[in-house]
Amino acid sequence: MNPQAKLISSLSLLLGTTLTISSNHWMMAWTGLEINTLAILPLISKSHHPRAIEASTKYFLTQATASTLLLFSSTTNAWFTGQWDITQLTHPTSCTLLTLAISMKLGLVPFHFWFPEVLQGSSLMTNLLLATIMKFPPTTLLFMTSSSLNPTLMSTLAIASAALGGWMGLNQTQIRKTLAFSSIAHLGWMTIILIYYPKLTLLTFYIYSLTTAAIFFTLNNINTLKLSTMMTAWTKTPSLAAMLMLVLLSLAGLPPLTGFLPKWMIIQELIKQELTTMATIITLLSLLGLFFYLRLAYCATITLPPNSVNYMKQWQINKPINMLTTTLTTLSIMLLPLSPMILSIP
């Protein structure tokens, strides 16, 4: 890709994200979302492969539809209340339309169909942008309008996303699709607590982004896209494969690791709100995700493909491991002891 075009796309992503998260007017937020959509399209289609072109077309159509619905929601609210302020979303129809629009942008069930296909047709670094940075502006809009949203609708979308993300991730052999369904399941955890404790949604998103970034950087270093090629990672980079196993288990939410913190706090807050049944359901649904995370970790460290003895002595790596990968991996594994300090931040 042309360096100038990549620079323009990157700066446009930064501009669109900043514009959306810092605006109080619906038109400015909508403008930022549109800039983000147009900026990510060249990065998705940069390989000029038919699958990448298909992914960029699906992404554009979905995001354009969601943006139109969001603009219609804000216009309806302004028509009935005279308010363009994001925090003054009070009309019931506008709240429902906004929830559907943001759900489509994020990839929540039942608007999730585009997300695995787009990730499958994109490169790993573009997948990282789609799974983290591109989800931040819509999540911020949900955060700012959390007091106006319908709890029943949000809880239904959350439980459906956690269930489908777990079920659909079980039979995947492509790592990008597996991580796409993992993202859908984590969105369910973020959405279920949004009404009751919005700051916890942002904390969950930050830790999910940190862990996902560590996984994508590691996969990019070992050049792995499928489970069959992940089995060779141990013979080439044993230390990196072992760290990848721990990061995957952290994303699954196992207790000693960083990923356990948001799930632990979400369950605790749901019980405080006397929603024990909901907490039990979403906790049981997370076991589905735990299964395919364990399968990925098993393939990365324990399973070896049938090869000759000489092949087992390949200890070199094609790409040097940069400091960013090491830092992200360490934080995504060992941040749990610092949780009291994280929770004390206002």
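Yeah, the Cβs are placed from backbone N, Cα and C, and that goes for glycine too.
Positions annotated as signal peptide by TrEMBL: 1-20. Taken from TrEMBL, the feature domain 'NADH:quinone oxidoreductase/Mrp antiporter transmembrane' covers 23-288. Marked as transmembrane segment by TrEMBL: 97-115, 152-170, 179-197, 203-219, 240-258, 278-300, 321-343. The domain 'NADH dehydrogenase subunit 2 C-terminal' annotation in TrEMBL covers 290-343.
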For the transmembrane segment (278-300): best-contacting stretch of 97-115, 179-197, 240-258, by Cβ pairs under 8 Å: 240-258
Residues from the same chain, set at least six apart from the ends of the transmembrane segment (240-258), whose C-beta lies under 8 A from its own: 182, 207-208, 210-212, 214-215, 218-219, 221-222, 233-234, 264, 286, 289-290, 293-294, 296-297, 300-301, 317, 321, 329, 331-336
Average pLDDT across the domain 'NADH dehydrogenase subunit 2 C-terminal' (290-343), rounded to a whole number: 68
